[in-house]
Amino acid sequence: MILEHHFASLGHAFSSKTHVQPLIEQRLVEFNQSLASFLSIDIKSTETKCILSGEEALPYSLSMVYAGHQFGGFSPQLGDGRGVLLGEVRGQDGLLYDLHMKGAGPTPYSRRGDGRAVLRSCIREYLASEAMTALSVPSSRALALYDSREAVYRETPEAGAMLLRVAQGHIRFGHFEYFFYQGKQAELDQLIEYCLEHYYPECLATDSPLESMLTEVVKRTARMIAKWQAIGFQHGVMNTDNFSFTGETIDYGPYGFMEDYEPDWVCNHSDHEGRYAFSRQPGVGLWNLNCLMRCFSKHLERDQLIAILQCYEPELQTHYDSLMMSKMGLTSTQDVHELLPALFTILAAEKMDYTVFFRLLSHYEQGEFAFLLDEVIDRERLLAWLERYEVARDKGGLLWSQASASMLAVNPKFILRNYLAHEAIVAAEQGDYLPFRRLLNVLTHPFGEHSESESLAQRAPEWGKSLEVSCSS
């Protein structure tokens, strides 16, 4: 494994030298071999094993400093309070990827915290990041999970753990906010050049590299959120310090995958105002991008920044329309626009499971209404919608069998339901990782039938519907 240290070369203004502090009696309990192969990482190597686990102190490992708007309020200095960037490795695609350890121990930015993570949160992030990747959502990845015999104190004592994460970059909107509001123009310029060189090199050849890069950041963010909305994912804490400059989903905390369709659903129990509700995510994405654009007010004219931001909504809408068109087996965005509002009204009124409905729709054969109508109380309303849907689907010119096959490839049978994560966590805390691995297997292959794992596709039982997650998750 060849570990590079490009971010460290930026200097002390951007980070602090920090070593991973291994946990008491830590052990490797899950390793992502396919991701490791892509990154040319050999876990059988003793040296590599010691580097990845933090048992070997690295000369250039670091924790990053940044700022951020948290629930609308600005925090001038945040930073990696429990994370350490080990360095970067090159993937088989020739790109560099960060290796970042969560739960690595205290850093200069821990703000009186212990810098640790608990097994519960590490399992949730491992499952979510791999599930999102399988659903074609840009996301950080999970490379390795370590548990331990070290107690970490939250509301109650919990098992300490560490998660080794992989992403194209860990630079956040908040990195730019930190230097802008500190008035550190030279460092801000340095960060801009770094991002152009490492993440957006294609923009260097344009007439206005910064303008081109920011336009691409806006579009990537729009496409990412469009995918969140299409699969029913809610991030939970859409602060600017949790938004990636490379357009990846990062920092999985009190997230959730929608079960009963509820547009104003709030998955984070700590979000008392519903600021980051499911239906508000597209608007929050634009708000965060507006915060980011302010940081370049000395580089570009106001009209240029506004024009860049105006790319967001059409990019999000176009991508969302395309995704929903595929989910519904249609070929016309006009049909999507005409059918979707009425469908969402039905799903909300019936408290229909979002994922289950679209999977059932994928199996729908022309004129065979019964199995779908059995899912609802108001059969006449759904029947009227299905009749309109049939007309739209016929217009596409595809055979119904072809359309169904395409729909089954984009409508998952398996999502990460909160109660399933809870069951996997409870078992793992007792030393049994089999439920975690069974769940991980279907989440990384969510479109298959997996008849032997049918129970993992079931809707939440009553006890599972009352589970809550918060920022401590």
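Each residue, glycine too, has its Cβ placed from N, Cα and C.
The active site, proton acceptor feature in Swiss-Prot is assigned to Asp241. Feature annotation from Swiss-Prot assigns ATP binding site to Gly79, Gly81, Arg82, Lys102, Asp114, Gly115, Arg165, Arg172, Asp251; the stated evidence is sequence analysis. The Mg(2+) binding site annotation in Swiss-Prot covers Asn242, Asp251.
Feature map: annotations from Swiss-Prot on the structure.
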residue: Gly79; record: ATP binding site; Cβ within 10 Å: 22
residue: Arg82; record: ATP binding site; Cβ within 10 Å: 20
residue: Asp114; record: ATP binding site; Cβ within 10 Å: 15
residue: Arg165; record: ATP binding site; Cβ within 10 Å: 26
residue: Asp241; record: active site, proton acceptor; Cβ within 10 Å: 22
residue: Asn242; record: Mg(2+) binding site; Cβ within 10 Å: 20
residue: Asp251; record: ATP binding site; Cβ within 10 Å: 21
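The two recorded residues the residue listed as 'active site, proton acceptor' and Gly79 (ATP binding site) have their Cα atoms spaced 9 Å from each other.
In the three-state DSSP scheme, Asn242 (Mg(2+) binding site) falls into the helix class. The separation of Asn242 (Mg(2+) binding site) from Arg82 (ATP binding site), Cα to Cα, is 14 Å.
In this structure, the C-alpha atom of Asp251 (ATP binding site) lies 6 angstrom from that of Asn242 (Mg(2+) binding site). Checking each of the binding-site residues Gly79, Asp114, Arg165 against Asn242 (Mg(2+) binding site) by C-alpha distance, the shortest gap belongs to Gly79. Residues Gly79, Gly81, Arg82, Lys102, Asp114, Gly115, Arg165, Arg172, Asp251 are recorded as binding ATP; their most distant pair of Cα atoms lies 23 Å apart.
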